[in-house]
Ligand SMILES: Nc1ncnc2c1ncn2[C@@H]1O[C@H](COP(=O)(O)OP(=O)(O)OP(=O)(O)O)[C@@H](O)[C@H]1O
Ligand SMILES: O=P(O)(O)OC[C@H]1O[C@](O)(CO)[C@@H](O)[C@@H]1O
Ligand SMILES: [Mg+2]
């Protein structure tokens, strides 16, 4: 079959913003322009596609963005894209714009949106970007490293004050459905315990309180507990710890702080390489693929297969956190 010449592609960012998205946009735009392919930037994720909020992008549009958090294309959660009507509209606009491919930079939900578009004749290429790291087909997602470094920095600061007052500090990090940020922050911040959504029935405040008391009995003068957003009840847990143990306890919810900030070198590197590989895949004639990073290499996987892959949170890290916390 004769390969179609690629002349014009679209790019959008979708779901929660993630530090490094701008570096990925830059790489997509500049790799495409280098190969004489024009690029249409679509604003506010799938919303912008449905409403035709677009702008042609030139090299200068991605100058000085590598170091910026957030996304210069803006992003959104788009309820309309969850409906057939919205999906049909998005696919129709893609065709009206005369795009040969659409690069979607986003998380697992954004990939599910891509699968709907693929069914309607849109050639989608995904770049994994979410601070949550909860994508089954790739060992890395853009934004995770920056978010964990932000969490670590906060834990360092909270350690200063909680050790000075000999208090317990309960810190809530992001992750509604996934505990990767919590587990990593727990390890690199030296927490005594971590509560994460994948524990399901096992999330147990009595166990955490028991651990705090044991650690105090062996001479620890302060405590640091990390809770993932998906577990919730952080304020309540802090109150319970204080009431039962008599130890002054403070709760801190880091919230959206973890989504912002200048991307780390790790995020800039992955974003640049993934953006480059996405465009190279389009030029090679690939249809409905995603870029992934596994076993130290960048890969191009089938979108359908990628969505069916499974990944489980590595509990070994959690076990090590517990061993190192004594
Ligand atoms: N099943 C689906 N069908 C069609 N579109 C979807 C589907 N799931 C999600 N989307 C679209 O993708 C958008 C982004 O998804 P979501 O809000 O889950 O964020 P994400 O891409 O997983 O990123 P993050 O988790 O980092 O915020 C949704 O707002 C919606 O427009
Ligand atoms: O910004 P929103 O829409 O409140 O979403 C928050 C969610 O987004 C994430 O930050 C991922 O982007 C999750 O960790 C969090 O649960
Ligand atoms: Mg997600």
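Each Cβ is built from the backbone N, Cα and C atoms, and glycine gets one as well.
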Same ATP site per TrEMBL - residue from 16, 20, 151, 175 joining 77, 78, 107, 108, 109, 110:
16
According to TrEMBL, 130, 131, 132, 167, 174, 175, 176, 250, 256, 257, 258, 259 bind substrate; which of 198, 199, 229 is also listed for that site?
229
Among 120, 159 - the residue TrEMBL places in the same ADP site as 26, 27, 28, 29, 30, 190, 191, 192, 216, 220, 221, 222:
159
Cβ neighbours within 10 Å, counted over all protein chains: which one of the binding-site residues 26, 222, 250, 259 has the most?
26
Judged by the number of other CB atoms within 10 angstroms, which among 107, 190 is the least packed of the binding-site residues?
190
Taking the mean position of the Cβ atoms of 16, 77, 78, 107, 108, 109, 110 as the ATP site, which residues outside that list, in the same chain, have a Cβ no more than 8 Å away, listed in sequence order?
14, 15, 45, 106, 113, 130
How many Å separate the Cα atoms of residue 259 (substrate binding site) and residue 26 (ADP binding site)?
19
Just going by other Cβ atoms within 10 Å, which of the binding-site residues 28, 78, 174, 257 has the emptiest spot?
257
Filtering 16, 26, 28, 174, 176, 257 (binding-site residues) by proximity to ligand 3: which pass a Cβ cutoff of under 6 Å to any of its atoms?
none
